[in-house]
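In TrEMBL this protein carries:
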type: SIGNAL; residues: 1-25; note: signal peptide
type: DISULFID; residues: Cys36-Cys116; note: disulfide bond
type: SITE; residues: Arg63; note: site 'Transition state stabilizer'
type: DISULFID; residues: Cys69-Cys74; note: disulfide bond
type: DISULFID; residues: Cys122-Cys317; note: disulfide bond
type: BINDING; residues: His194; note: heme b binding site
type: DISULFID; residues: Cys201-Cys226; note: disulfide bond
Amino acid sequence: MASSSGCRAWHCLLALFLLSSSAYGQLSPSFYAKSCPTLQLIVRATMIKALLAERRMGASLLRLHFHDCFVQGCDGSILLDDVGSFVGEKTAFPNVDSVRGYEVIDEIKKNVELLCPGIVSCADIAALAARDGTFLLGGPSWSVPLGRRDSTTASLTEANSDLPAPSLSLGLLIKAFDKKQLSPQDLTALSGAHTIGFSQCLNFRDHIYNGTNIDPAFATLRKRTCPAQAPNGDKNLAPFDVQTQLLFDNAYYRNLVAKRGLLNSDQVLFNGGSQDALVRQYVANPALFASDFVTAMIKMGNINPLTGTAGQIRRNCRVVNS
């Protein structure tokens with residue numbers, strides 16, 4: 001009798017474990033605890049070096065992770081180069097001459113491989129780099145669920161269709177995020193990543209010249225470096241947040257209330273629609289924004305990961321193992 005009740009207790013423990021891990025899917029923050037215990041230290045040290053060289057890189061790597069997860073899930077597919085007949089995602093319209101930081105991922109991978117060869121995926125490195133980029137610029141930190149594997153495929157088509165364009169209305173943004181099982185609250189919290197970093201003139205030209213929900217003084221300021229006639233100045237950069245462009249804070253939401261959102265897709269979050277109240281809450285309560293941002297980042301990082309024996313652990317993040 002004792003053994004059968006012990007067996008039932010074991011089943012209970014197993015069920016409890018499975019339930020507790022369901023929040024992360026099959027991913028776990030302790031995935032590499034035994035196989036690569038120094039992983040997080042290596043990533044942090046390499047990220048500190050990268051941000052000392054260029055603080056903006058923190059924002060760039062946060063964006064890279066987002067652009068990875070929205071196409072085929074968080075599988076490192078964005079990192080794959082076009083090689084021979086293989087077509088990657090780097091030339092997709094939302095990525096080309098825009099997504100950056102690939103060489104920092106290469107550097108982290110090289111450093112990780114020295115101590116833990118063949119163990120850690122490029123997809124997990126991208127997720128950790130996004131977390132560290134946020135934290136090192138003054139934002140929150142969190143335990144990153146790990147255990148993703150790398151794809152052997154990429155999708156230029158999906159990159160062009162599923163990455164939200166800066167011109168989208170609130171309704172279309174909500175739809176794009178819902179497609180990835182992310183809520184309107186997740187959309188509004190994740191958009192707060194635009195408290196750091198820069199965007200190119202071609203992304204906000206229409207908003208500053210034709211937008212109706214924009215502060216005229218702000219539009220005038222941005223027009224100085226973004227000429228009306230494309231392609232003049234297409235690549236000219238402007239900060240998302242004029243005040244604290246490389247500090248992760250809640251100023252993004254204050255800007256929206258003042259009608260100083262850089263992209264149309266920023267300002268539609270505060271334009272008499274369903275997200276206005278949440279934007280005001282984030283203005284009043286920075287801790288609520290930080291908490292919701294972390295929750296949304298973990299959810300986003302859990303979009304269709306390859307786990308178990310699916311995919312591979314790439315030796316070089318830019319190419320599928322031969």
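Any Cβ shown, glycine's included, is placed from N, Cα and C.
For the recorded positions given as Arg63, His194, the lowest number of other CB atoms within 10 Å of the residue's CB is seen at Arg63. Shown are the disulfide-bonded residues Cys74, Cys116, Cys201; the one with the most C-beta atoms within 10 angstroms of its own C-beta is Cys74. Per Cα geometry, Cys74 is the residue among the recorded positions Cys36, Cys74, Cys116, His194 nearest to Cys122 (disulfide bond). Of the listed disulfide-bonded residues, namely Cys36, Cys122, Cys226, Cys317, the sparsest CB environment within 10 A is found at Cys36. In terms of C-alpha distance, the listed disulfide-bonded residues Cys69, Cys116, Cys317 place Cys69 closest to Cys201 (disulfide bond). All chains included, 28 other C-beta atoms sit within 10 angstroms of the C-beta of Cys69 (disulfide bond). Across the structure, Cys116 (disulfide bond) and Arg63 (site 'Transition state stabilizer') are spaced 26 Å apart at their Cα atoms. Comparing Cα positions, Cys36 (disulfide bond) lies closest to Cys74 out of the recorded positions Arg63, Cys74, His194, Cys226. A distance of 35 Å separates the Cα atom of Cys317 (disulfide bond) from that of Cys226 (disulfide bond).
Looking only at the recorded positions Arg63, Cys69, Cys74, Cys226, the one with its C-alpha closest to the residue listed as 'heme b binding site' is Arg63. Put simply, Cys69 is the one of the disulfide-bonded residues Cys69, Cys74, Cys226 whose Cα lies nearest to the Cα of Arg63 (site 'Transition state stabilizer'). It is 30 Å from the Cα atom of Cys226 (disulfide bond) to that of Cys69 (disulfide bond).
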